[in-house]
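Undergrad: Straight out of Swiss-Prot:
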- Thr12, Arg82, Glu83, Tyr134, Asp244: sn-glycerol 3-phosphate binding site (BINDING)
- Thr12, Thr13, Ser14, Thr266, Gly309, Gln313, Gly410: ATP binding site (BINDING)
- Thr12, Arg16, Thr266, Gly309, Gly410, Asn414: ADP binding site (BINDING)
- Arg82, Glu83, Tyr134, Asp244, Gln245: glycerol binding site (BINDING)
- His230: phosphohistidine (MOD_RES)
Amino acid sequence: MEKYILSIDQGTTSSRAILFNQKGEIAGVAQREFKQYFPQSGWVEHDANEIWTSVLAVMTEVINENDVRADQIAGIGITNQRETTVVWDKHTGRPIYHAIVWQSRQTQSICSELKQQGYEQTFRDKTGLLLDPYFAGTKVKWILDNVEGAREKAENGGLLFGTIDTWLVWKLSGKAAHITDYSNASRTLMFNIHDLEWDDELLELLTVPKNMLPEVKPSSEVYGKTIDYHFYGQEVPIAGVAGDQQAALFGQACFERGDVKNTYGTGGFMLMNTGDKAVKSESGLLTTIAYGIDGKVNYALEGSIFVSGSAIQWLRDGLRMINSAPQSESYATRVDSTEGVYVVPAFVGLGTPYWDSEARGAIFGLTRGTEKEHFIRATLESLCYQTRDVMEAMSKDSGIDVQSLRVDGGAVKNNFIMQFQADIVNTSVERPEIQETTALGAAYLAGLAVGFWESKDDIAKNWKLEEKFDPKMDEGEREKLYRGWKKAVEATQVFKTE
């Protein structure tokens with residue numbers, strides 16, 4: 001009887017359940033979207049119970065639709081949208097407020113106040129993160145400050161906090177396991193990534209009671225078992241947890257120091273495994289925990305690009321220049337170059353290494369001869385220039401020259417982007433056969449804990465190359481194009497709305 005690992009990929013807009021066999025191949029997928037709530041401008045929230053219901057639905061569907069029995073599931077791995085914050089009643093199990101999503105800016109004033117009080121460097125040194133509404137800590141404080149009776153209840157031990165992984169493990173285990181893993185804990189602004197413990201000073205600054213925090217565990221370990229009534233009467237080990245970008249790093253088998261993966265999703269996320277060293281960034285990168293496994297922790301440098309694949313959606317939905325995302329490739333390849341046109345897609349500001357939240361999108365170099373093809377090509381090229389910006393920052397901070405770039409996410413299907421990426425970073429780009437690397441990473445972590453896979457070497461053998469893109473552009477051309485991009489970014493930052 002064939003066994004499988006069930007991976008739950010709980011994302012920002014949908015929940016997915018994916019079955020993987022021992023070769024790391026997909027044996028079934030189910031997906032369900034859920035509602036986004038926008039109570040005020042810049043606020044983004046989810047209903048944690050809707051997320052839980054969607055997860056139950058996809059787990060049931062993937063098993064039923066693929067003629068798999070529950071006793072064929074060897075273990076469950078969970079990967080999640082990071083930073084999204086849930087606070088719930090320990091006794092009733094009900095969330096006391098909507099889940100505050102990673103994108104939400106409703107805690108900006110808390111961050112500003114802590115910065116004014118001079119604590120930015122304290123947070124940076126201990127957590128590797130920026131003092132920004134993006135991360136979970138200020139979201140917990142906001143809920144405790146704004147929900148009536150919440151703070152008193154928390155101080156009396158009546159509330160629990162968790163990122164989405166914690167919430168799902170708690171629900172699946174029938175309230176038995178209140179845990180998170182190192183990768184998710186490292187995104188909270190409350191966890192000291194050097195001591196590997198919740199930090200009392202940071203908790204005091206955020207006024208968050210320690211008793212509501214989950215226990216922090218390795219990313220690969222049996223945390224508990226499914227309560228029988230949630231899983232067809234079976235008690236299945238819940239055995240792997242990692243935040244989505246760290247899970248993708250693991251799913252890409254980036255196990256060695258200097259290994260890098262880049263995800264081209266709505267935004268772009270590049271992570272470099274820095275081994276057992278937490279590298280302090282001087283270039284606007286985040287220092288974070290990649291995963292904890294085999295009794296030790298691996299660290300990573302992370303760069304964030306705010307607009308990546310969503311630039312292609314903008315061409316389709318906003319400008320109506322294309323009817324479908326794949327069409328962008330055929331338009332881009334009809335011309336040999338952009339004829340000097342640059343698109344800087346700073347629609348919501350610029351991420352790593354600029355961190356300029358006030359910059360807005362801009363286009364440079366238009367002439368009467370500029371056609372739709374040039375414009376589309378320039379938009380696609382912008383994804384690659386931004387990736388080089390991040391990669392250069394990583395090499396500078398780590399002292400490691402990137403030898404190859406493993407890629408995943410929706411935009412990697414576009415061969416033009418992949419080739420231009422290789423050309424502009426002067427590094428080979430490797431596209432894997434299985435591009436569901438986030439879910440695969442969670443499956444691998446769970447599978448290692450239950451003996452489904454023996455070792456990381458076992459997993460590395462599963463990684464198969466679909467296509468490799470080697471750089472073909474000459475050095476002079478590459479540097480001339482990149483100088484133009486840097487000039488365009490500089491001009492974008494000069495031109496800001498009043």
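Placement of Cβ uses the backbone N, Cα and C atoms for every residue, glycine included.
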Undergrad: Between Gly309 (ATP binding site) and Asn414 (ADP binding site), what C-alpha distance do you get in Å?
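TA: Between the alpha carbons of Gly309 (ATP binding site) and Asn414 (ADP binding site) there are 11 Å.
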Undergrad: Cα-Cα, whole number of Å: Thr266 (ATP binding site) versus Thr12 (sn-glycerol 3-phosphate binding site)?
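TA: Cα-Cα distance, Thr266 (ATP binding site) to Thr12 (sn-glycerol 3-phosphate binding site): 11 Å.
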Undergrad: So of all those binding-site residues, Ser14, Arg16, Gln245, Gln313, which one's Cα sits nearest to Arg82 (sn-glycerol 3-phosphate binding site)?
TA: Gln245
Undergrad: Provide, as an integer number of angstrom, the distance between the C-alpha atoms of Arg16 (ADP binding site) and His230 (phosphohistidine).
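TA: Checking the Cα atoms of Arg16 (ADP binding site) and His230 (phosphohistidine) gives a distance of 17 Å.
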Undergrad: I need the CA-to-CA distance for Gly410 (ATP binding site) versus Tyr134 (sn-glycerol 3-phosphate binding site), whole Å please.
TA: 23
Undergrad: Does Gln245 (glycerol binding site) have same-chain partners at least 6 apart in sequence with Cβ under 8 Å from its own Cβ, and which are they?
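TA: Within the chain, Gln245 (glycerol binding site) has Cβ neighbours under 8 Å at Arg82, Thr263, Phe269, Leu271, Glu302, Thr438.
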Undergrad: Reported as an integer number of Å, what is the Cα distance between Asn414 (ADP binding site) and His230 (phosphohistidine)?
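TA: On Cα coordinates alone, these residues lie 40 Å apart.
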Undergrad: Taking the Cβ of Gln313 (ATP binding site) as the centre, how many other Cβ atoms fall within a 10 Å radius?
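TA: Result for Gln313 (ATP binding site): 14 neighbouring Cβ atoms inside 10 Å.
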Undergrad: Here are some binding-site residues: Gly309, Gly410. Which one has the most Cβ atoms within 10 Å of its Cβ?
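TA: Going through Gly309, Gly410 one by one, the largest Cβ count within 10 Å is at Gly309.
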Undergrad: Between the Cα atoms of Thr12 (sn-glycerol 3-phosphate binding site) and Gln313 (ATP binding site), what distance do you get, rounded to the nearest Å?
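TA: Given the Cα positions, Thr12 (sn-glycerol 3-phosphate binding site) is 17 Å from Gln313 (ATP binding site).
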Undergrad: When you average the Cβ positions of Arg82, Glu83, Tyr134, Asp244, Gln245 for the glycerol site, which other residues in that chain have a Cβ within 8 Å of that mean position?
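TA: Here the non-site neighbours turn out to be Gln81, Thr84, Trp102, Arg187, Gly243.
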Undergrad: Given the recorded positions Glu83, His230, Asp244, state which is nearest to Gln313 (ATP binding site) when distance is taken between Cα atoms.
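TA: Minimum Cα distance from Gln313 (ATP binding site) across Glu83, His230, Asp244 lands on Asp244.
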Undergrad: Look up Gly410 (ATP binding site) in the DSSP assignment and report helix, strand or coil.
TA: helix
Undergrad: Rounded to the nearest Å, what's the C-alpha distance separating His230 (phosphohistidine) and Tyr134 (sn-glycerol 3-phosphate binding site)? Just drop the number here, would you?
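TA: Approximately 32 Å lies between the Cα of His230 (phosphohistidine) and that of Tyr134 (sn-glycerol 3-phosphate binding site).
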